[in-house]
Each structure stands twice: as structure tokens, then as C-alpha cells.
Amino acid sequence: MKYRKRGWPSCWWPRAAVLPMRRQGVGGAEKIVRIADISGFTGALGKTAEAIETTPAGVEKIVLVGVGEPGKLGNDDWLKIGGAAFSQIGNAERVTLTLALPETTIAGDEAADVALGMVLRSYKFDRYKTRKSEENGEPKHAAKITVCVADTHSARKAFEVAEAVADGVIQARNLVNEPANILGPVEFAEEAEKLEKLGVKVEVLGEKELKKLGMGALLGVAQGSVRPPRLVVMEWHGAKGKEKPIAFVGKGVVFDTGGISIKPAANMEDMKGDMGGAAAVTGLMRALAGRKAKVNAIGVIGLVENMPDGNAQRPGDIVTSMSGQTIEVINTDAEGRLVLADALHYTNDRFKPRFIINLATLTGAVMVALGQYHAGLFSNDDELADQLYDAGQSTGEKLWRLPLGTEYDKMIDSKFADMKNSAGRYGGSITAAQFLKRFVGETPWAHLDVAGTAMGSPANEYNQSWASGFGVRLLDRLVRDQFES
């Protein structure tokens, strides 16, 4: 993505960015007004209008992209503009996107967000298709895109950060989209190890080490699969001195059949995405390292497969977690919280972080409560919860806080152990969060239930993928706004 300086043209449509896609030549500003008038283009956010002209210099396609009311743009609107623009590129070889608005200066970070929206919209996961663009009518090549904006210096600088974040989102999407026969716990860990090239310290703990640590909850989930579990620890040291780290923990169930409490066959294929939390944490660590974030950050992901073989754990089993707390397994399909129990305690005990945020595709109940446009937010710390909420509003990866309380906590008490892993039908996402809360002590903590947003969420202008990469941009924004020194 290149940036080029562009002054204010003498004639312009006041609510549109312009995308001339051409072999040669540049259309005059007067064409823009004419296209808008003829097409009835209103400039509504994300709407487009286009015209194709044949000139002595070649063929030119001009596209107008609506930006809505400039003074009201916010959240992820600039990403939507970029995504809408990219959707119109087609087979153009060279593209120039001119960003300019009347009586308004487009800031460098806004221009970078437009470019980020284009990058995210360009993503597709088609590595297993043997016949690609020919049958889908997709471009056979990548267009060379130049973004014209008044302040090129700040735009380029902002895009260096945005590009690193895009790399993190794309990695998260790739991991979630990958089929489970290709991506098991070992293979996922190998992908995380590649972050060492960016300066991330990566440590992979195998089954022997996990047994030595006493991670009975995580190992109980893994024991039904022939694929061995892994716990991956990623460390990024970007702050000066010995500043306490911030920590992110992800659930990484690479495939979830439900175990002995097996799921229905319908839509079980989607459970290849039950590691969306671990994917987001891995993508976040890539983003932080890629942009050289000035913070010390820890990413921990627990990687298992939940299968129903003769050695699988049973309903009624009691396991001992690394914390020493015992858990009665009521439902083997409530396995993610068992993985997180040990991962959370390990992270808290080893690193003593300033806070812990965990991400997990944990419950279907959160989708019943919130649908697929908000992730569930639970926290024992109001300040952290508010910071996360604000980051969600800024990025468009929105959160909605749900309650915790002693009444819900009592629902997971067990007659035979310290707690049980399922409290039944009602308040399912809340009781799951209460379960996790028992493993973080007094450390500020937040749990993001991303079951409805990490995979299969509705497409938008900058995401047409089944896997969204939800959480990477959200948490990167949180780190930038609140915790970088």
C-alpha cells in the first residue's frame, strides 16, 4: 500500500472518496460530480457509484465511495470505507484511491484505517481450492493500490502500525479457518513458534511438563484424543526496565466433539473454530511484536482436542487442577473452562501480571443472550471492564458486560468436589465466567466470551471471512490506549 500527497481538487462530491481504477489516465474532478448526479449517488456510508470511460489513453473506471456525514464518522467507519472501496476493484491492475473531504482534514490514522479496511477485505481463505479465481470470478492478480491523501507522512507512519495489526488479524483468521485434520495442538504450537522471528520468546510445554505441573483439568480434556496437548507461552518484552507484564490467555480446543457428552452432528464441522480465543491471542502477540509495542505482554494458550474414545473423561469424573482445586466433570462438552482453569492459574502464578484477559469461544449461551454483534464481557475489575468496553467501541469489535455474583457462584458448587464444570441450562455464560473467576485470585481479570463473534459472524465491509479474527484489533487498541509507556 503506497501513499501519495494529493491536494484538494477544484471540484468534488462532498460525501465521497474517489477510486479511479485505470490502465492509464486520471479522470477530472468534474467527472465525479457528473457521475454522482446521473447515478443519484447520495454519499451514504459504504454506498458506491461507478462509471466506465474509454479515452485515448485507455480504459478508466471511476468509483465513488460514500463516507456519510464526515463530522459523524467514528468507530470502524473508516475501515468500512476502505472495505467498500476494495470490493469495487475487480480486475484493475493499478488503483488510485483519493481521500479528501470538503472543509475537513483527513488525519493520517484515518487514512491508515481506510487502507487497513482494504487489506482486511482482501483476505480470503482458499488454499484448499484447486480451481480458484477462474470459477469464482475473482481477480487473477493483486492490484497495486496507491492512496492519495494530504498528510502522507502521518499516513505512512500510522499504516506501519495498522499493517502489523492486519498481519495479526490475518493470522488469527487463518488459524480459525484451518481444518482440524491439518491443525492439531502440535501444529498450532509450531505456528506460534514462528513468532520468534519477530522477537517473541516462545516456550512450548508438552504432556510430560503439564503432568509435572499438575494440570489435571487441561489433561483431562486431552486424554480422549491421540493428539497430545500443548501449552504455549509467548513473551514480548517491549517496555523499558522490569515493568510487570499484561497477560492474555486463550482457549485452544482445536476440535470439539463434546467428548462423551457428544454434540449433535448438525454443524459440528464449525467446531474446528473452537480455538478462536487462542488464535486471537496468537494474532495479538504477532501484532504487538510487529509494531514493536512498548509494553511487556504475555500470551498463554492451552491447546487440546476433545474426543470421545475409550480413554476419554466421563461425566462424574473428578479432576484436580493445577491450583489444587478439584472439579467434578458434569458435562464433558463444558471442556473449555477446564483448559482455561489451568492456563489462567499458571499465568497468574508464574508471571504475576498487572491483569489477565482471557478469550474463549466458551458458550452457546452468550449467543442466545447477545447474538453475533457483541462478545460477552465479564470482569472482577470495573476499570478494566470500562477500558475494554471503550476499546470495543473504538474498533467496532463490541463488547457487552454481563453480571457476576455470589448467587451465580453458588450454582457451580459440587456435592463431591470444590466445584462442578456445568450448572445447567440457565445463565450458562455467567456460570462459566464464575468458574473461571475462581482461578485468578485477586488479579484484575476479564473474560471475553467470543463464541458468537470469532467465527460465523455476519459479514461486513471489511470481513467476508467465516473466521473474523475478533479480538486482535480490540486488544491492540486497549494496549495502545491504556498500557503502553
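Here the Cβ of each residue, glycine as well, is placed from N, Cα and C on the backbone.
Site annotation (Swiss-Prot, ligand Mn(2+) 1) includes ASP333, GLU335; from ASP256, ASP413, ASP418, the additional listed residue is ASP256.
Per Swiss-Prot, the candidate among ASP274, ASP309, ASP317, ASP381 that belongs to the Mn(2+) 2 site alongside LYS251, ASP256, GLU335 is ASP274. DSSP assigns ARG337 (active site) to a helix in the three-state reduction.
Minimal Cβ crowding within 10 Å, among the recorded positions LYS251, ARG337, is found at ARG337. For LYS251 (Mn(2+) 2 binding site), the nearest of the recorded positions by C-alpha distance turns out to be ARG337; the candidates were LYS263, ASP333, ARG337. For ASP333 (Mn(2+) 1 binding site), applying a Cβ distance below 8 Å and a minimum sequence separation of six or more within one chain yields ASP256, GLY258, GLY259, SER261, ILE262, LYS263, ASN306. If you take the C-beta of ASP274 (Mn(2+) 2 binding site) and look for same-chain residues 6 or more apart in sequence within under 8 angstroms, you find LYS251, VAL253, VAL254, PHE255, ASP256, GLY336, THR361. In the three-state DSSP assignment, the secondary structure recorded for LYS263 (active site) is coil.
Figure note: comparing Cβ neighbours within 10 Å for the binding-site residues ASP256, GLU335, the maximum is reached by GLU335.
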